[in-house]
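Following: one structure in structure tokens, then a few remarks.
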Amino acid sequence: MFSKTTMLSSLYMVPLFSLLFSFMICTNNAEGPPSPGYYPSSKVSPISFDHGFRNLWGPQHQKLDQGSLKIWLDSISGSGFKSLHSYRSGYFGAAVKLQTGYTAGVITCFYLSNNQDYPGNHDEVDIEFLGTTLDKPYVLQTNVYIRGSGDGKVIGREMRFHLWFNPTQDFHNYAILWKPSEIIFFVDDVPIRRYPRKSDVTFPSRSMYVYGSIWDASSWATENGKYKANYTYQPFIGRYKNFKLQGCTTYSTSCRPPSASPPGYGGRLSPKQSVAMQWVQKNYLVYDYCRDNTRDHTRTPEC
């Protein structure tokens, strides 16, 4: 347990570490990724939270203010929200701002799932921000589950990244484009990961809802559980705005999700987008499940 003196000293050090982290990012690559040349988010109009979502749990830990949603975790509860409709495909995005300081053990996320419809056998596509200690950057985890569950049967397909900016200083746009042929993860319209459909058994095809939440995942979130949530730093806050939902709802008779790329590429990433994605994966990818030699890759044949 921290003493009051230790806690205050640590809190005073937060701005210093924030500045140091920003300096490290700037000196690593001042220009950021190459321009992708195409911006899918500009093709989708934002919607208000109330028009697309509802509270799922922790209503006392959720607040709307001028179009911005704040959810928070403390020692009593976290909070989560869920889309009003389920989707078979589409573009799903939000601008998110993360909390600065010590956030180890805390996950702030935006994801697709059908876990309530198929408990113990669900599909999921994740964007998860893994909390961190004062001297280290956030980890952005992308993941895909197919017919998995939370009881040890999950086969995760994690790719984890650091970011080329400080996600606590401002809002940045994060999105999932889910098409029948592929899933693409975007950060500020830069594709960071493409997960193609190589077979029916390795690709989610059942309808999913869109979720967001903040919760305590101390058992694994930060360096495999080495660092836990410390509630002397509570509340832990996640801020969301600029929600974008455009896709085929479960009961749509005809629809077409937005294209990942400009006209002329058949929905495939353009050369500029591919170069930008390669740049991110070369400079900021910190874990790829397909390259993990401790994993049983007979369970992930797409590798």
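The backbone N, Cα and C atoms fix where each Cβ goes, and this holds for glycine too.
Small disclaimer: the values here were computed from a predicted structure and weren't measured.
Per TrEMBL, active site, nucleophile is recorded for Glu124. According to TrEMBL, the active site, proton donor annotation covers Glu128. According to TrEMBL, the feature domain 'GH16' maps to 28-240. Residues or ranges marked as signal peptide in TrEMBL: 1-30.
In sequence order, Tyr111, Leu112, Ser113, Asn114, Asn115, Asn143, Val144, Tyr145, Gly148, Pro204, Met208 make up the list of same-chain residues 6 or more apart from Glu124 (active site, nucleophile) whose Cβ falls under 8 Å from its Cβ.
In the structure as shown, the Cβ atom of the residue listed as 'active site, proton donor' sits within 10 Å of 19 other Cβ atoms.
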